[in-house]
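Undergrad: Got a structure here, written out as structure tokens. Questions coming.
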Amino acid sequence: MEADALSPVGLGLLLLPFLVTLLAALCVRCRELPVSYDSTSTESLYPRSILIKPPQITVPRTPAVSYPLVTSFPPLRQPDLLPIPRSPQPLGGSHRMPSSQQNSDDANSVASYENQEPACKNVDADEDEDDYPNGYLVVLPDSSPAAVPVVSSAPVPSNPDLGDSAFSVESCEDYVNVPESEESAEASLDGSREYVNVSPEQQPVTRAELASVNSQEVEDEGEEEGVDGEEAPDYENLQELN
């Protein structure tokens, strides 16, 4: 009868104090040993016989390099530089440079004395415009004949003396062969027989007279060559006319 009277509720009430004391003991134990619990847990996970070593990382060592000693000197003072005159520039479209960069450019710049190519090109263009104002060349038509000086060719005689005398009479009226006389000898430079200006007092020698005189000289020269066997000079002044 007593065994039937014990129910699950009674059994629970009997076991309740035992469970409470067990939980209290566990809580106190946990509070007192937190570090030891962690160490024991890690040891339980990894047995002592097996040791895991971390991988060793080898870093290559660079050899020690000896650098030379560097001695610092105070900066040298630059000599005073004179400002270089520059051409004025328009203010409207001018591009301002920083002051530091402009000073460095002034210090390093050197005056150049070279001819500018664009200026030469402009001069050539101005000359072309002056020569051809409209830009076109003036071409003459084929119908208009070109003005070419016509030189009349005189017949060349067989005798060189006659040719020279005729040429002097026809082309050059100022200089003619003058027969030998005292006036011509005095008018020449050193008394030699040369071409001299004809004075207005002397009468001009006609062609017929010159031709006759030259033919006589040629005949005389031929006779002298037959007798003496020597060559006479190619050119001689005319003899005095009577």
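Cβ coordinates are placed from backbone N, Cα and C, and glycine is handled just like the others.
Among the features that Swiss-Prot reports, topological domain 'Extracellular' is placed at 1-4, with the record citing sequence analysis. Annotated transmembrane segment per Swiss-Prot: 5-28, in sequence order, evidence recorded as sequence analysis. Positions annotated as topological domain 'Cytoplasmic' by Swiss-Prot, on the basis of sequence analysis: 29-242. Sequence annotations record features per position, and here Swiss-Prot assigns phosphoserine to S41, S44, S87, S104, S109, S112, S199, S212, S215. Feature annotation from Swiss-Prot assigns compositional bias 'Polar residues' to 97-115. The region 'Interaction with GRB2, GRAP2 and PIK3R1' feature in Swiss-Prot is assigned to 175-178, 195-198; the stated evidence is similarity to another entry.
Could you place the listed features in the three-dimensional structure?
TA: For S212 (phosphoserine), the Cβ neighbour count at a 10 Å cut-off comes to 12, with all displayed protein chains included.
In the three-state DSSP assignment, the secondary structure recorded for S215 (phosphoserine) is helix.
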Undergrad: Average pLDDT across the region 'Interaction with GRB2, GRAP2 and PIK3R1' (195-198)?
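TA: That region's mean pLDDT is 58.
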